[in-house]
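Please read the structure below before turning to the comments.
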Amino acid sequence: MKYKRILLKLSGEALMGEQKYGIDSQVLIRYANEIKAIADKGVEITIVVGGGNIYRGIEAAATGIDRVQGDYMGMLATVINCMALQSALENIGLDTRLMSGIKIEQVCESFIRRRAIRHLEKGRIVMFGAGTGNPYFTTDTAASLRAIEIEAEVVLKGTRVDGVYTADPEKDPTATRYTTITFDEAYAKGLNIMDMTAFTLCKENELPIIIFDMNRPGNLLKVLEGESVGTLVKL
């Protein structure tokens, strides 16, 4: 395996499948099996899931809800998604722990860095819910922060597209996919890979990002085996 310890970032929208809202159980099962394939190879896995399939804090103002309140609602949405994925993983025999950026003691552990690393060393999959625990920070930023804290070797951003393109491939048939791009090049070209806070955290800590299609069977394992899948962003 090319990477020993990873952070996998999944969008909440990906869990919807073909639905317009909520969680598609078939997507959960498929993702769980993809994750099991790399867990069986001895990879230490941490996961951050977005909450956009349930609620987006940034949209709160449009509905008359205070932005900070909306962000906390979004954090709770990520915990719901983590719990759903946790169940899917445990149903196929994987040992997991869910850690939250806010205290929800009856449901999950609070995030403690040393404890998270110890769980990984014991072979458990660790999921990080509730973002950073602070409003105004995205789950991409939470993914970057947690990856740095637990000393992950790479952030794998599983999406519904197979990498980063020179232009929107749905609008421009001549668009080509980058196999590798530097942080500075991505910034100069205005490529929307992550929000700027998340992106800068990765750059300043020399943490590479791989953007790949999580919905293509076997892709996650291929990334870990070092195959040229998706787009690698590095210094």
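Every residue gets a Cβ built from N, Cα and C, even glycine.
Ser11 (ATP binding site) is surrounded by 21 other CB atoms, counting those within 10 A of its CB over all protein chains shown. Positions annotated as ATP binding site by Swiss-Prot, on the basis of sequence analysis: Lys9, Leu10, Ser11, Gly12, Gly52, Arg56, Thr159, Tyr165, Asp168.
Listed in sequence order, Gly101, Thr141, Ala142, Leu145 are the same-chain residues at least 6 apart in sequence whose CB falls under 8 Å from the CB of Thr132 (UMP binding site). The UMP binding site annotation in Swiss-Prot covers Gly51, Asp71, Thr132, Gly133, Asn134, Pro135, Tyr136, Phe137, Thr138, Thr139 and rests on sequence analysis.
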Starting from the UMP site formed by Gly51, Asp71, Thr132, Gly133, Asn134, Pro135, Tyr136, Phe137, Thr138, Thr139, give every other residue of that chain whose CB sits within 8 Å of the mean position of their CB atoms, in sequence order. Gly57, Gly74, Met75, Gly101, Gly131, Thr141, Ala142
Cα distance, Tyr136 (UMP binding site) to Gly52 (ATP binding site), nearest Å? 15
I'd like the number of other C-beta atoms within 10 A of the C-beta of Asn134 (UMP binding site), please. 15
Given the binding-site residues Asn134, Tyr136, Thr138, state which is nearest to Lys9 (ATP binding site) when distance is taken between Cα atoms. Thr138
List only the single closest residue to Asn134 (UMP binding site), chosen from the binding-site residues Ser11, Thr159, Asp168 by CA-CA distance. Ser11
